[in-house]
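Per TrEMBL, these features apply:
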{"type": "DOMAIN", "residues": "516-566", "note": "domain 'Cationic amino acid transporter C-terminal'"}
{"type": "TRANSMEM", "residues": "83-102", "note": "transmembrane segment"}
{"type": "TRANSMEM", "residues": "108-130", "note": "transmembrane segment"}
{"type": "TRANSMEM", "residues": "151-175", "note": "transmembrane segment"}
{"type": "TRANSMEM", "residues": "206-224", "note": "transmembrane segment"}
{"type": "TRANSMEM", "residues": "231-253", "note": "transmembrane segment"}
{"type": "TRANSMEM", "residues": "273-292", "note": "transmembrane segment"}
{"type": "TRANSMEM", "residues": "304-330", "note": "transmembrane segment"}
{"type": "TRANSMEM", "residues": "350-378", "note": "transmembrane segment"}
{"type": "TRANSMEM", "residues": "399-418", "note": "transmembrane segment"}
{"type": "TRANSMEM", "residues": "424-448", "note": "transmembrane segment"}
{"type": "TRANSMEM", "residues": "488-508", "note": "transmembrane segment"}
{"type": "TRANSMEM", "residues": "547-567", "note": "transmembrane segment"}
């Protein structure tokens, strides 16, 4: 039986159905009813901000009430087989086919295979954390919904902004890489398909119309059907895996062991610097978590799909990167299309077309799953009114979030049109590592804190240990970036270990997972926090500056719009729920008296 809140929200969304652009489609809340109302809302900003920082959502609200705000339900059409291939299709793309060349030649040398091991290990820990949440809270919001439940609205919004940035940049970067491999397939230079404006900054003067066309085609498929997108992804991914096997087998036939000397020309530091950027190659599995709402049996399908896809992906990455560096010296690797050029170097010019075709297929599936995932993130964020509720609409016929899909693709296409891949990948890695760190923190909070169960003393102890875990991880990362010595490690590593062990020994767990849980908590999420922060310390200064500007922009938007919209929506819902409870109590009283 639907609650009156669901009926009200559903009715509102039905009246808005379609591509209308009225004010109430974007700012229907009381605070934006008039300039006077908006002024009064701004005067209450400190109180409202405190309320949103301290307020946590709950699982029933995310799984139940939030879905009703999309007017129609998403269709449950996916199983574990779909999720595993969606995970493979989401991940294997530009990261391995383009960034491997850049990092092997300029940062890590043949030791780039170790960089993939480090990034893959960190990604697997994050996969475990995401899997537990996706099973327990199977909604389209992914990490945004998980953070709302465990860390509150404000932290969730900051993460949401970085989630959207992550996906926009991912789509933009991959679509530009698509152009590079398409050019190789046509025996052309990538710049032959781009418009070069010579009097502009070289990082932004290569306009890419093909990237925009590819994104538009992907958008149409994503809107049409989630199951249809899954079937297309499955077919393309099978072909892709066959081509990867071809690259590895043929490449290993033509290996030259001397190409592995020197193995790590840039030292251990180069290995970790490359791993921070190559984390980009593992972006995408979190998009699969957003499809939990469309999964038939989340408790079974999500663990198999997510973990299985990450295992396959990590093995494929290590084999491909090792093969590339054995085929030719790292100094000769082409940074635009490394695998295609490597085959040309051994006299197999025809093979580069197979490689390029495989890369194009891989990047196409990456784009498809990214577009599907980013739209579901935006849909759930808009359900809370942190973003305009117009984006929360789910189409009645296709069962897909049409408005959110189109909006995200348009933004990605604009960025893809003019921005260089290297800038995109570095900024993307910061956002991704930041979000994965927050999800790991949220998992610790989930296991060790429960309102009404955890005592005040245990709550304070939990906070202290988490702060020490984060601080010691930051200390190790900063010391790695700024010093060549060992004293810092002798200080910070024991602090991290003692903090994690202390959390395990002195704070009792408040809850256990109902269906599937991460093993060895708090050690696995604590290691995930450490590795993500450590990798953040290997990213260049300019990327952090861009990240800082983006965070400031998010805070400004939140203070002037998102805070007041979400506050009004939450209070309206609380009032409605309170009224329903009163009515239910009155009805129960009347029934008992009769």
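Cβ coordinates come from backbone N, Cα and C, glycine included.
Unlike curated records, TrEMBL annotations are generated automatically.
Summarised by DSSP class, the composition of the domain 'Cationic amino acid transporter C-terminal' (516-566) is 40 helix, 0 strand, 11 coil. Contact check: the transmembrane segment (273-292) against the transmembrane segment (231-253) gives fewer than three Cβ pairs closer than 8 Å, residues 6 or more apart, which falls short of the contact criterion. Counted as Cβ pairs under 8 Å, contacts with the transmembrane segment (206-224) are highest for 151-175 among 83-102, 108-130, 151-175, 231-253, 304-330. By number of Cβ pairs under 8 Å, the transmembrane segment (399-418) is matched best by 151-175 from the list 83-102, 151-175, 304-330, 547-567. Listed by sequence, the residues of this chain that lie at least six past the ends of the transmembrane segment (547-567) yet keep a Cβ under 8 A from its Cβ atoms are 27, 29, 31-32, 38, 41-42, 45, 48-49, 51-52, 153-154, 157-158, 161-162, 165, 384-388, 427, 430-431, 434. Regional average pLDDT for the domain 'Cationic amino acid transporter C-terminal' (516-566) in the model is 87. The transmembrane segment (350-378) is not in contact with the transmembrane segment (108-130), judged by fewer than 3 CB-CB distances under 8 Å for residue pairs 6 or more apart in sequence. Scored on C-beta pairs under 8 angstroms, the neighbour of the transmembrane segment (151-175) with the top count among 83-102, 108-130, 304-330 is 83-102.
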